[in-house]
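Worksheet: the structure to be examined is printed underneath.
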């Protein structure tokens, strides 16, 4: 007998920059039909952190619904992100404004290279990380799946490393599991796969590789039924995490019967 | 005098403060941040900030956004 299931760690929480969370699934708040659907998806995902963007206030239509009317910043940790920034300077401006707007120092940095791939520009990303850390931000960093750059980011003071599984919004799944695993093994801060997840099994794969969490937006928002997919992702992340902790069986090249061979008639 | 608010040209009276300007434009200023000529003006300083001709203001708030 192994551990009785009742003692299997229900408290499998994780920490980033001194903040503790029990959900390992972070979801975005873009691309949904409306904020109501977004709120329902966040609920179904069991998310505790949601990424948010900073944009010019809309003067022409002040009656437009506000994100905070649907997703309560007291219940969810808002993670301001620099989506759409293509230079370190733009990302810095955005996050300084975000800190002023919301008072939060935990932020997600991403500096993109080009519209076609939205691949992270790692030179700009590293430069921005260094400045933000100096200014007292806790910086979770979207990055390429290069283990060397991941280490450089950690050395620069990043509080979480968030390599892409595949290009943003592509839904291609984890393209380079070897690199993700190398990053996980070397990191002393949380590692989350950010971008590229398409369906539940992709999220499970990320967790089975030992990641501390997964961040996704499009996989849920563009599903035919986003709320149901949000729930699927919750279970996939939990299942993948449990499988990682349980330790998978070894792979064999040939069959190995499950029933005893002794006593065959 | 002329200022630019989120890229749009606006005409305001001399001596108008940031608080005055915002009051006429935004109903709910929770979660709003303002940058004046690339420098953030903290909310507590809005009423001491008198606008000058040619000021470029960026006024932002949180919206839904993934990555």
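Including glycine, each Cβ sits where the backbone N, Cα and C put it.
Automated prediction, rather than curation, is the source of TrEMBL annotations.
Residues A:195, A:196, A:217, A:218 are given by TrEMBL as 1-deoxy-D-xylulose 5-phosphate binders; from A:169, A:240, A:247, that same site also lists A:169. Here the recorded positions are A:108, A:195, A:196, A:217, A:218, and the ones sitting under 8 angstroms from chain B, going by CB atoms, are A:108, A:195, A:217, A:218. Residue environment of residue A:196 (1-deoxy-D-xylulose 5-phosphate binding site) contains 26 other Cβ atoms, counted within 10 Å of its Cβ in all protein chains. For residue A:217 (1-deoxy-D-xylulose 5-phosphate binding site), the same-chain residues lying six or more positions away in sequence with a CB closer than 8 A to its CB are A:27, A:28, A:29, A:30, A:31, A:51, A:169. The secondary structure of residue A:218 (1-deoxy-D-xylulose 5-phosphate binding site), as reduced to three states from DSSP, is helical. Proximity of residue A:195 (1-deoxy-D-xylulose 5-phosphate binding site) to non-local residues of its own chain (separation of 6 or more, Cβ distance below 8 Å) is seen for A:142, A:164, A:165, A:166, A:167, A:168, A:169, A:170, A:215, A:216, given in sequence order.
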